[in-house]
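For reference, the structure discussed in these notes is given below.
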Amino acid sequence: MSTVNHHCLLNFPHIPPSIPPNHRPKLLSSLSLYRKPERLFALSASLSLSPATIHECSSSSSSSSSSFDKEETEDIESVIDGFFYLLRLSAQYHDVEVTKAVHASFLKLREEKTRLGNALISTYLKLGFPREAILVFVSLSSPTVVSYTALISGFSRLNLEIEALKVFFRMRKAGLVQPNEYTFVAILTACVRVSRFSLGIQIHGLIVKSGFLNSVFVSNSLMSLYDKDSGSSCDDVLKLFDEIPQRDVASWNTVVSSLVKEGKSHKAFDLFYEMNRVEGFGVDSFTLSTLLSSCTDSSVLLRGRELHGRAIRIGLMQELSVNNALIGFYSKFWDMKKVESLYEMMMAQDAVTFTEMITAYMSFGMVDSAVEIFANVTEKNTITYNALMAGFCRNGHGLKALKLFTDMLQRGVELTDFSLTSAVDACGLVSEKKVSEQIHGFCIKFGTAFNPCIQTALLDMCTRCERMADAEEMFDQWPSNLDSSKATTSIIGGYARNGLPDKAVSLFHRTLCEQKLFLDEVSLTLILAVCGTLGFREMGYQIHCYALKAGYFSDISLGNSLISMYAKCCDSDDAIKIFNTMREHDVISWNSLISCYILQRNGDEALALWSRMNEKEIKPDIITLTLVISAFRYTESNKLSSCRDLFLSMKTIYDIEPTTEHYTAFVRVLGHWGLLEEAEDTINSMPVQPEVSVLRALLDSCRIHSNTSVAKRVAKLILSTKPETPSEYILKSNIYSASGFWHRSEMIREEMRERGYRKHPAKSWIIHENKIHSFHARDTSHPQEKDIYRGLEILIMECLKVGYEPNTEYVLQEVDEFMKKSFLFHHSAKLAVTYGILSSNTRGKPVRVMKNVMLCGDCHEFFKYISVVVKREIVLRDSSGFHHFVNGKCSCRDLW
């Protein structure tokens, strides 16, 4: 006899064969063995299946006799048939008392017990009473394969898969009953549910020996087993599929699902078309929803629409799963009208529908609509909470995501790894050091901090929350058995964000040599961003060449990163070339090229590109409109009326509500063209309290136009607000310093330090001979420090001769005039430009310098004089864009 190894499983639970009297169900007289069929029919027809009703119908019950004649035997059979009917009704109405009543009469039977016992087992398990089912089972003198199968399948339905396995092994050990096809289907289902795939494979061998492989139900269950097994592939499923002599729709669906899971959507569609050619087979809702989920790129867009048409033709548009899949499909292809139309036409919705709608609205940036859908969900679960929280993170609403996470904790909603990952991501968006430490501690306390996904998210969070030391410690202690590629990518991005791009490049080279970094679209995109931040064009070009050779250039996000990289490296020609050679563009592609023109302060070209965008009917996003409004600062002529029209019509034309970023950009445009009063009125008419960034935009414009009256009012507003970010603390401190309130300035700095914030020091750097030479104010760490300082002294003297006058108003320290000049003369940008002049004698080649913050007014004036003294073009990029200093003039026209 062929058996299966079961030494690893627990023994079957012991139930005594003889049931103690106190455990026996109470015998009701209503269910006596001698009930006439018409009486049972009247009983079963009653909608109230309570024992009291049964008792009322049984007043004429008679006792059993020792012998039966033919008529009495027929009566017993009729009564047993009535029991079956009662069991069906009790299962339908979930009335366990009737089942127990049948059970009581069952115990009095001397014959015909097995068939009724099997029905009792099934009914008890359907009602969720496994112990009572076992009591019936052990009372059977000769359980059949149906008895065992009823227990196995019932236990599986009740998530008692281990108990189901025990029953199967008891059956095999007894050796009196052989499993049938339904037994194999039930036990394979249990194996899949508890991930006992190796056991399932052993059972596969038993199925082959038992000759049940020709059963379509058994073969379908085997395909499902191999489909769910991570150690198997779709080839194993296909092999089984090819061996099935007769297939049903479930067979086709299983193999299609397996191909979709492995990303072989084209092969799945080929099988789908083959399925349609087989006579007698029609697709069902599972087929369509599975194939729709595989439509993730533009190459299968038409196929997805074809599936939609097929669903309409064959009448599957009322199926929930099909509608849910269609909503997911159209949201991937940015067709919100279709999504909303499908949702409105649905007769019913479920949790999946709401989750798909929340995800769709969030992907379109329609946060309020997503929140409204969530609010209308009556039975919220972990999945709906996770969808909303992930959507908040995707749209940059870290604080809202954290509040939702807190709500989940208070309501006792079950947390998953995805929930915690989103909460950690939200901390990174908020950039609150203390909050990040609390979430980090929460993950450690509940033992999830070492989950690979959460661990990577925690490292990334540390890089965003002023905790680079913690991030470096986590990276150094990264488990050797885990892939470190994502962690490496995160910490490289962290270095770039925290003003340490040189460290990012150094780590990139080291991990690349140690083969700890896998170069894919994500890592290449990140390192291109670092190259752009550094202005390291040569390295960016090498990455570009590698991407071409590796076949990554078709990736849109990589193309967008290349545009951005070349733009930040002052190479707009190559940025335009990349844009023109891309096979397809998304809104980010257009945004990247518009941003390129703005960095060069070329507003007219940016607006021309915006016109092309409108001609192609490409829908802008929030960032697009921010960039386009900003472009009006850099036009050759005043185009304020067009800018004003665009700003005021954002909601009506593009369905985008103006945000703080749009107000900030518009105020800068008004300030640039000298309309300070209108800018102030715009701020005062904002529907919400203006944020510091908007007020700062107006304050900068007041500096440019020397308008002290408006500046005082704006400064007063800024000082009345509570700072929330490091930049807001620094601005408030600087305002106090500029006004001579040194003590108040220091108090603000102290409060900033208490919150764990620190100011990123001003830093300038230059790329020379493929090396990054970095400087901060009064830096003496460079190997050529003496030559640099000597050269700078000479440059200062020469500039003083031709009219340069140091402007000590830009020194915000409480020191004497002599020290203020000393501070001014040794700013990081001056040191970097001096090194650039000394290290390059090529007169026709510009000196290229990068600075991480806005260039101060004194340095700006100084570089105009240097361009005259040394007869060299100086190209400097700061946070506002590029400055081209040529012959004593700057491309920004002193308006930056």
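Cβ coordinates are placed from backbone N, Cα and C, and glycine is handled just like the others.
For the ranges 88-118, 274-304, 615-645, 770-800, the feature annotated in Swiss-Prot as region 'Type E(+) motif' maps to 770-800. Residues 334, 556-557, 559-560, 563-564, 566-568, 570, 572, 575-576, 579, 627-628, 630-636, 639, 654, 656, 877, 881-882, 891-892 of the same chain lie 6+ residues outside the repeat 'PPR 15' (586-620) yet bring a C-beta within less than 8 angstroms of a C-beta in it. Through the fold, the repeat 'PPR 9' (381-415) approaches residues 351-352, 354-355, 358-359, 361-363, 365, 367, 370-371, 374, 422-423, 425-431, 435 of its own chain, all at least 6 residues removed from its boundaries and within a Cβ separation under 8 Å. Under 8 Å from some Cβ of the repeat 'PPR 8' (350-380) lie the Cβ atoms of residues 320-321, 323-324, 327-328, 330-331, 334, 336, 339, 343, 387-388, 390-392, 394-395, 397, 413, 621-622, all in the same chain and six or more residues away from its ends. Residues 417, 420-421, 424-425, 427-429, 431-433, 435-437, 439-440, 443, 487-488, 490-491, 493-495, 497-498, 500, 756-758 of the same chain sit 6 or more residues outside the repeat 'PPR 11' (451-481) yet have a Cβ under 8 Å from a Cβ within it.
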